[in-house]
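Below is one structure, written out as structure tokens, with a few remarks after it.
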């Protein structure tokens, strides 16, 4: 191979020499590729022709064989970005680097997230590459107080703005002279006075624009700094030219534009300050989550209570929490009982009763009892830490709707500069032939009215505020793409057990005396069946004392038979009673039929061969399940139930909550296929589940929604997590998505519309440069302000919300 390149990849999943040989053989089948795979080091070294192949092709080949390639992720803080052209350029350069799988740069958060192959590159190389582009970059420090850093930066912007405004205000008065024929002191019209005021604004306050423009042009790019630097420099240096003519006596009335350059810079700084201030509010939701974390814990060591910093708590430590204190970390109660306010997690204001062996979540509030607990999850593994991580990732992610804005931003500045040059040529040759000033003013107006910032901020600000507001309500979107996809959903499929129902059977009906119940519970107490557990718990709630069984026998398919204190007990169905010649009165038979029709498991009880009672057990509906289904129907969304239960039970539950479509008797492995069937009908499907067996269906669906009380596998497979299991959050999640996407469209319409309309108006000479500059400064502020409206959105779905 004449032109060769070498790359090394870390491979995961190899177990023997056959694995490494298989990968090596497959890679070497590619044209002009020489690959060696080492099982011991778990690395593949590949020499290849870069004109024919790239690293991603080798990764796809390895993954297609069923193995993985190690990928690491790093988050970087970037400062110095001024508009969408900056973030687009950094993103493009990072994605072209060897070893980078994917890089996204968020202008709003001023952060980059990069997935890379550690054998090809590292975080330091990424930082260095960004710095070469002219921006400051560093690896994100999670322990660093980002809020105070941003507050300092905002304060610095304000100081520069004030200084610039003080120097520009006298120059601004000159504009009023031209506009309103006002009289002002002669000093204000003196060229030297104007020069002294404008120069520090241009080259000290405005130096940042020159630096930004130079760095971008040096690296073959162009951003907002280029537009500002060129536009203000044109006005400033033309004024210098006129001033020299005045000093030489060539003119007694120089046409100076010092006020244009200085006021433009001041207005742009004002817009940037307002933008930064508004952007800081977009992360309020994350700041509020961070503020929920406990700062210290009371640990029990050698019989003594000690207060220690939260970061010193380890798994297995014994902690004491008193009334009014926050639970420091996730754990399990080993002593005491209390009520816990979990509203920060679930949004539910009513405290939850907690006893020994119950789990407690870090940062929730202990209301009224002292408890002793064992720490089970600490640091970054706690529930709150995971919530914060999901919200951070969602806020820094990109929605597919942003792609068009990103593409346009990359070409925006060169196009605007070209339009400005064309404007100058047309004016000086056709509109006002040979007259320099009108051509200059029109071209400056074109340069300064164009705003790539609004394009870059349109989507990420809405995503940040929208996902933050959703998180405050217990709805966690994993990323911008899930926000965008959710608004398209027209069909929602709900798992039954643990999703629509509580997943814990309870006694719903009982007819009989306490003695019969005591004997029944005693007979069932050694069984691990959920129905037996429900009966035993019911008896304990009645404070009945359970004794011991003398004999016990299960009657397969029919029930049980037991002897307790010389009493013969039969518990089961009609067949069991009939086999023992026990007749059923009509009202008992009718009750049995009624319970079965309602999807309940009904059991007859006979003591000493006489019917003494009937009991019904069922998995109860979750609170608000019926209301949630109704809201989804009101939004025009079809709702279906998917369950492995028999059709009668499923139909009974569906009838109670108002679900029309029931898919029952489904094996766990068939759930994903049922989702695919609905998708083949052209439906956009969301699957809601909580168990391990729901994970394939959650992945297959257009959107997977996991119930937060469910398994980690289900939560990992889903794009949205509903904290606490309240089904009312499902229509709220869909509404949050719709409201956020609607807000993004408004922003994009404004950003595109502003530039499409503003640039031609400026080119026609209908706007003074300072008016154009003010419009540019306020355009990005308006986009951020519109996004901030989402902070106040009430997550109340509308009927058939579009």
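Glycine residues also receive a Cβ, built from the backbone N, Cα and C atoms like all the rest.
Per Swiss-Prot, the features are:
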- 495: active site, 4-aspartylphosphate intermediate (ACT_SITE)
- 16, 19: Cu(+) 1 binding site (BINDING)
- 83, 86: Cu(+) 2 binding site (BINDING)
- 690, 694: Mg(2+) binding site (BINDING)
- 5-70: domain 'HMA 1' (DOMAIN)
- 72-138: domain 'HMA 2' (DOMAIN)
- 161-181: transmembrane segment (TRANSMEM)
- 192-212: transmembrane segment (TRANSMEM)
- 224-244: transmembrane segment (TRANSMEM)
- 256-276: transmembrane segment (TRANSMEM)
- 411-431: transmembrane segment (TRANSMEM)
- 438-458: transmembrane segment (TRANSMEM)
- 748-767: transmembrane segment (TRANSMEM)
- 771-790: transmembrane segment (TRANSMEM)
Please check if the transmembrane segment (256-276) comes into contact with the transmembrane segment (438-458), where contact means 3 or more CB pairs closer than 8 Å and the residues in each pair are separated by 6 or more positions. yes
For the domain 'HMA 1' (5-70), what does DSSP give as the number of helix, strand and coil residues? 22 helix, 22 strand, 22 coil
Tally of helix, strand and coil residues over the domain 'HMA 2' (72-138) according to DSSP? 23 helix, 24 strand, 20 coil
Roughly how many Å separate the Cα of residue 690 (Mg(2+) binding site) from that of the residue listed as 'active site, 4-aspartylphosphate intermediate', to the nearest whole number? 8
Cα-proximity to residue 495 (active site, 4-aspartylphosphate intermediate), 10 Å cut-off, over binding-site residues 16, 19, 83, 86, 694: 694
Per the Cβ filter (under 8 Å) with a sequence gap of at least 6 from its ends, the transmembrane segment (748-767) is approached by 401, 404-405, 416, 419, 423, 427, 431, 438, 441-442, 445-446, 449-451, 454-455, 457-459, 775-776, 779, 782-783, 786
Binding-site residues compared (19, 83, 86) - the one with the fewest other Cβ atoms within 10 Å: 19
Quick one: mean pLDDT on the domain 'HMA 1' (5-70)? 85
Reported as an integer number of Å, what is the Cα distance between residue 16 (Cu(+) 1 binding site) and residue 83 (Cu(+) 2 binding site)? 51
Say you check the Cα of residue 19 (Cu(+) 1 binding site) against those of the binding-site residues 83, 86, 694; which is nearest? 694
Would you kindly give the Cα-Cα distance separating residue 694 (Mg(2+) binding site) and residue 83 (Cu(+) 2 binding site), rounded to the nearest Å? 43
Between residue 86 (Cu(+) 2 binding site) and residue 694 (Mg(2+) binding site), what is the CA-CA distance rounded to a whole number of Å? 43
Most isolated by CB count within 10 A, of the recorded positions 495, 690, 694, is 690
How many other Cβ atoms are found within 10 Å of the Cβ atom of residue 16 (Cu(+) 1 binding site), counting all protein chains shown? 9
What three-state secondary structure does DSSP assign to residue 690 (Mg(2+) binding site)? coil
